[in-house]
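These come from TrEMBL:
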- A:67-94: coiled coil (COILED)
- A:136-404: domain 'Aminoacyl-transfer RNA synthetases class-II family profile' (DOMAIN)
- A:THR227, A:SER228, A:GLU229, A:ARG258, A:GLU281, A:ASN378, A:THR380: L-serine binding site (BINDING)
- A:ARG258, A:ARG259, A:GLU260, A:VAL274, A:HIS275, A:GLN276, A:PHE277, A:GLU345, A:LEU346, A:THR347, A:SER348: ATP binding site (BINDING)
- A:THR380: site 'Important for serine binding' (SITE)
Amino acid sequence: MIDPVLLREHPDLIKRSQAARGDSVDVVDEAIAADAARRAAIGAYESLRAEQNAFGKTVAKAPKDEKQALVAEAQSLAARVKEAQADATAAEEGFDAVIRRIANVIVEGVPAGGEDDFTVLREVGDIPSFDFEPRDHLELGELLGAIDMHRGAKVSGSRFYFLRGIGARLELAIMNLGLDLAMRNGFVPLITPTLVRPETMAGTGFLGEHSDEVYYLPADDLYLTGTSEVALAGYHADEILDLEKGPVRYAGWSTCYRREAGSGGKDTRGIIRVHQFNKLEMFVYTLPENAEAEHQRLLGWQEQMLQSLGLSYRVIDTAAGDLGSSAARKFDVEAWVPTQGAFRELTSTSNCTTYQARRLDTRYRTESGKTAPVATLNGTLATTRWIVALLETHQRADGSVVVPEALRPYLGGLEIIEPLGV
RNA sequence: GGAGACGUCGCAUAGUUCGGCCUAGUGCACCACCCUGCUAAGGUGGAGUACCCUUUAUUGGGUACCGUGGGUUCAAAUCCCACCGUCUCCGCCA
């Protein structure tokens with residue numbers, strides 16, 4: 001949710017942001033009107049209610065013979081209070097519904113426009129070249145006995161898979177590499193629930209535009225989370241955090257579930273786009289004035305991960321229209337996937353400023369002792385998908401794959417992954 | 001799955017029998033000041049969250065909040081209903 005004070009005092013700022021996103025600009029004026037209506041309705045209700053409270057005391061103290069007449073009077077007052085209260089509630093709900101349609105105000109510098117209007121900030125590492133025809137990750141995965149899509153489909157359907165042998169170990173190794181990096185930088189590891197209540201799911205906004213993407217269990221009224229961000233954001237909901245000693249950082253480890261409803265036919269081969277995968281997610285609560293610097297740090301750690309795995313990548317500054325509603329800025333790190341001849345997203349990091357925290361009611365105490373919403377940020381540190389770029393980038397002509405040095409300690413010192421047949 | 005107990009202002013607890021004297025008492029912890037020649041004790045005062053109006057020096061006033069949401073009533077921490085959570089016992093169990 002955006003800041004209602006900003007709405008009142010600087011609506012032009014919000015309008016500019018909405019325009020850059022390609023979202024409705026008129027909704028801002030609607031929200032201002034709804035805010036005025038809400039405040040008027042609340043004022044009317046509260047003064048009536050104060051009258052009723054005072055009157056209640058006279059009734060209580062009145063001698064018995066006068067009580068009956070007073071009660072009759074109080075009844076009509078009570079009816080008016082009830083009416084005013086209903087009006088106030090309706091006005092608040094109306095305001096809430098409108099203001100929720102306004103997305104977070106983008107950070108200065110975010111490119112305007114849609115999906116294709118991103119800015120490339122930098123490319124790092126040479127595009128790998130091969131003196132043989134490179135195999136794609138699935139062919140390699142099968143050769144190495146690492147990925148089994150057929151049996152995944154047999155057991156669970158399309159877009160499901162088994163990671164087996166070195167495949168299973170590779171995933172754990174990448175995740176653990178990320179976890180160690182996170183812990184060196186003060187993150188607290190957190191293995192999160194992957195089934196959450198509707199309130200939790202709604203609190204992070206995933207039931208809005210992403211509701212098609214979410215698995216739902218009607219028998220228990222629970223949702224399967226598509227990222228641990230959901231649980232990590234909910235973790236400190238309704239709390240006042242102490243940020244004086246610095247930001248509070250969590251590394252969430254969880255399985256993620258996505259229906260991939262709108263992506264029929266896209267990336268059907270291999271494990272690029274699947275219904276279930278594992279992910280290590282950074283999540284930070286920090287002071288609003290430190291959010292942009294923290295965002296750069298999260299991006300830095302992500303790049304460190306890709307570099308230590310020897311992957312070539314580029315960093316893009318996502319355009320306003322392609323941001324989620326709660327992100328004020330988003331950087332994606334995309335790794336080069338040789339057989340696709342393209343960069344594919346491996347990580348994403350969003351600065352949600354105070355937008356998400358305001359809805360979740362996560363606050364800190366300012367120097368003057370007042371409370372104010374914190375800023376939240378999130379970013380990927382490792383996922384199952386990384387195996388794709390890793391296998392393809394480091395493959396050799398015979399189908400073996402060189403293990404990047406940083407990963408070897410996590411695989412018992414293994415340097416080369418050999419095909420099973422050899 | 002069955003039976004029962006419980007949920008109060010940071011923590012602990014009183015209040016719920018019989019609705020109004022609860023603007024929710026008390027202890028601990030906390031903050032300020034006072035007293036005291038001192039890592040003790042004592043005294044006085046203060047202090048929650050959200051929203052609205054006013055002021056805009058961070059002033060003053062109001063409304064709401066006793067797990068959550070409904071209901072009854074002139075009036076609900078207190079009565080009724082539903083839900084959520086915690087604990088105990090029984091049953092079942094990858």
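Glycine is no exception: its Cβ is also placed from the backbone N, Cα and C atoms.
Taking the features listed in TrEMBL, we show where each one sits on the structure.
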| residue | record | contacts (Cβ under 8 Å, 6+ apart) |
| --- | --- | --- |
| A:THR227 | L-serine binding site | A:SER254, A:CYS256, A:LYS279, A:GLU281 |
| A:SER228 | L-serine binding site | A:LEU190, A:THR192, A:THR194, A:GLY252, A:TRP253, A:SER254, A:CYS256, A:LYS279, A:GLU281, A:PHE283 |
| A:GLU229 | L-serine binding site | A:THR204, A:GLY252, A:GLU281, A:PHE283, A:ASN378 |
| A:ARG258 | L-serine binding site | A:GLU213, A:VAL214, A:TYR215, A:GLY226, A:VAL274, A:HIS275, A:GLN276 |
| A:PHE277 | ATP binding site | A:THR255, A:CYS256, A:ILE271, A:THR383, A:THR384, A:ARG385 |
| A:LEU346 | ATP binding site | A:LEU306, A:LEU311, A:TYR313, A:VAL333, A:GLU334, A:ALA335, A:THR380, A:THR383, A:ARG385, A:TRP386, A:ALA389 |
| A:SER348 | ATP binding site | A:LYS330, A:PHE331, A:ASP332, A:VAL333, A:GLY379, A:THR380 |
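For the ATP site, whose binding residues are given in the record as A:ARG258, A:ARG259, A:GLU260, A:VAL274, A:HIS275, A:GLN276, A:PHE277, A:GLU345, A:LEU346, A:THR347, A:SER348, the maximum C-alpha distance rounds to 19 Å. Remote same-chain partners of the coiled coil (A:67-94), defined as residues 6 or more beyond its termini with a Cβ less than 8 Å from a stretch Cβ, comprise 34, 37-38, 40-42, 44-45, 48-49, 51-52, 55-56, 58-59.
Look at the Cβ of each of the binding-site residues A:GLU260, A:GLU281 and count the other Cβ atoms within 10 Å; the largest number goes with A:GLU281. Across the coiled coil (A:67-94), the model assigns an average pLDDT of 82. A helical conformation is recorded for A:GLU229 (L-serine binding site) in the three-state DSSP classification.
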